[in-house]
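Asker: Structure incoming, see below.
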Amino acid sequence: MEFLDLSPLTRARGTIQLPGSKSISNRILLLSALAQGTTDVRSLLDSDDTRVMLDALACLGVNWIRRGDTQDYVVQGVGGAFPVKQAELSLGNAGTAFRSLTAALALCGGNYTLRGVPRMHERPIGDLVDALRQLGAQIDYLDNADFPPLKIAPAQLTEASEVAVRGNVSSQFLTGLLLAAPLTGKSITIRVIGELISRPYIEITLNLMRRFGVEVERDGWQAFTVPAGQVYRSPGSIYVEGDASSASYFLAAGAIGGGPVRVEGVGSASIQGDIRFAEALQQMGATIAMGGNWVEASAQGRLHGIDADFNHIPDAAMTIAVAALFAQGSTMLRNIGSWRVKETDRIHAMATELRKLGATVEEGADFLRVTPPVQLQPATIDTYDDHRMAMCFSLVALGGVAVRINDPKCVNKTFPGYFEAFASITQRSVMSTDIPVIAIDGPSASGKGTVAALVARALGFHYLDSGALYRLTALAAQRRGVALDDEAALAQLARNLDVRFEGGEIWLDGERVSDELRTERIGNGASKVAALPAVRTALLERQRAFRQAPGLVTDGRDMGSVVFPDAATKIFLTASAEERAQRRYKQLMEKGFDANLSNLLEELSERDARDAARSVAPLKQGADAILLETTHLSIDQAVATVLACYQARQSGQGA
Ligand SMILES: Nc1ncnc2c1ncn2[C@@H]1O[C@H](COP(=O)(O)OP(=O)(O)O)[C@@H](O)[C@H]1O
Ligand SMILES: Nc1ccn([C@@H]2O[C@H](COP(=O)(O)OP(=O)(O)O)[C@@H](O)[C@H]2O)c(=O)n1
């Protein structure tokens, strides 16, 4: 499977010119095709879904041309029914094309077969077919009742002037009926049964029908009447607005990554409902500015969780579910049942992938509650052939963790240049000095862990005990019976460790293991697995993921040389072997473990020798590291010395 690795990112800032809206593009293409006259369509979206619609229209005898290699098209309207009366159409996974063409073709007087990809055949269409049959449409299911593929024969129009359609499955059914109604030549009233979801998409439909000369009378959200005698007429030329759903990823990036990020192509004058995504982001604490044709998002502090109904913006709401990872507290997304019948079951897909990152997720028939983890975990994200899954989850990299996006090309459905656009407004963090790191390396029992944790507390920084990851690998190997020289199996273990660091404690596979980890037996095992290059590589990204604002203090053997070579301050902390053995002895006795001083000294010297002699990341003082010899220093003195080194460097930079 193809994948894209996104490096940890620190901030987002910049301006994006949005591609055209998918919803508007496909409605305009169908309206231009059905209209009398020629339409100049400007800035059409370049994507799989629009290509599906353009190909289908060509099959149906509609002439269109593209102007050079621009996104401007000229469509010659057929003024009513399509000229080709017999056709087989393949409509991919394009819901907008499938639903609206089903309605239009059912009333066009021809024989047509409509198919899609396997997922399209799992997306219900029965409610639309039932409504069209009330008008006299002749539609058969080729496989399963209520689902594509479909076979359409010429309609035998009934006397009925009123049809009913359920409003709570997909608003595209109502859109299809509305767009097709003028083809009957008579007055049609469409009644909506139940609550109408995704209402802003109906606003888009009504707005564009008006631009093409057809007025719809409406009674709230309950009934829509398309009066008789109206035909579609080309407005001459029409401009496709930027995609407000696509804007959501960049606005969220601005809110998560500081910003400001500005999107151009949509704004307060937009006819798209998803423009209201900006309000949801604002509720979460982002700062939003808006003009007629642009929106800008930024944030000063951390976002906070919200509890809201997202029925009106189901697509953009996916972005809120991912932004919830960066919020304080839980975020509740209500009334999103339509997610279940989209490109994939989005509630399930979203819950599964958010959990991989460490989030706690509760999913219901029509809701999702997301509680962020204390720390995001790097993960490989599956995208379920759903463009929005891929785009949403790119935002996770702004949490300073590496993410792998599987099948990234699924974004082609609506936004082929998405990842390039995303890269253009974000900055990588791994090799940048944006987030300061203090790296403390040195031999066993020199006091690295003690000193590093205290320095982190003094500065309010995060703390990483890198040795714990090697110890955890050794412990996991022992528990699973993996030999300490089976490099491949150990690397696999290291890559998939299920660990949690919280409040100074460490959990492995959900069990607290902090004390067991500190035993000398595990320490010796750690030293052995740490000599294996594949294990070190497996743990590299995991360690880098701890680099999160405002800063990181970390201790180990190769923090300054390999893992964080751009660390702001590098310390080599040591003490004489006798002193270190004494310290370890006292430490173990205090914890109630049995210990023997001379054995300890021997083991420690062996470990030092092994750590220093190994071929990868050997223990030694780097040329750019400051030596801190602590044999005769107290813990407080050692901590004060590290802080002084860091502060001297900060002021030396004139920061
Ligand atoms: N400068 C110091 N003087 C005296 N004892 C110290 C000093 N630094 C650390 N210790 C003690 O030594 C023991 C080992 O320290 P630890 O942080 O576990 O070492 P490391 O992480 O280098 O293995 C701890 O009990 C700690 O309190
Ligand atoms: N960054 C690191 C950290 C630890 N290690 C190895 O992991 C073992 C345990 O590390 P630790 O820091 O917990 O051990 P102590 O120094 O506390 O004894 C050491 O013997 C090192 O060989 C490493 O190779 N690289």
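Numbering starts at 1 and runs along the chain as displayed.
Keep in mind that glycine also has a Cβ here, set from the backbone N, Cα and C atoms.
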Asker: For the phosphoenolpyruvate site, TrEMBL lists Lys22, Arg123, Gln172, Arg346, Arg388, Lys413; sort out which one of Gly95, Gly194, Gly364 goes with them.
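Answerer: When TrEMBL describes the phosphoenolpyruvate site, the candidate it includes is Gly95.
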Asker: For Gln172 (phosphoenolpyruvate binding site), what is the tally of other C-beta atoms lying within 10 angstroms of its C-beta?
Answerer: 25
Asker: Should we count any of the binding-site residues Lys22, Arg123, Ser171, Lys342, Lys413 as near ligand 1, judged by a CB under 6 A from one of its atoms, and which?
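Answerer: Once distances to ligand 1 are taken from each Cβ, none falls under 6 Å.
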Asker: Just give me the nearest neighbour of Arg388 (phosphoenolpyruvate binding site) among the recorded positions Arg27, Asp315, Thr450, Cα to Cα.
Answerer: Asp315
Asker: Looking only at Lys22, Gly95, Arg123, Gln172, Arg346, Arg388, Lys413, which the record lists for phosphoenolpyruvate, tell me the maximum pairwise CA distance in angstrom.
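Answerer: So the maximum pairwise Cα distance among the phosphoenolpyruvate binders is 19 Å.
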Asker: Roughly how many Å lie between the Cα atoms of Ser171 (3-phosphoshikimate binding site) and Ser444 (ATP binding site), rounded to a whole value?
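Answerer: Between the Cα atoms of Ser171 (3-phosphoshikimate binding site) and Ser444 (ATP binding site), the distance comes to 64 Å.
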Asker: Could you check which of the recorded positions Gly95, Ser171, Ser198, Asp315, Lys413, Ser446 have their CB within less than 6 A of ligand 2?
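Answerer: Checking each Cβ against ligand 2, none of them comes under 6 Å.
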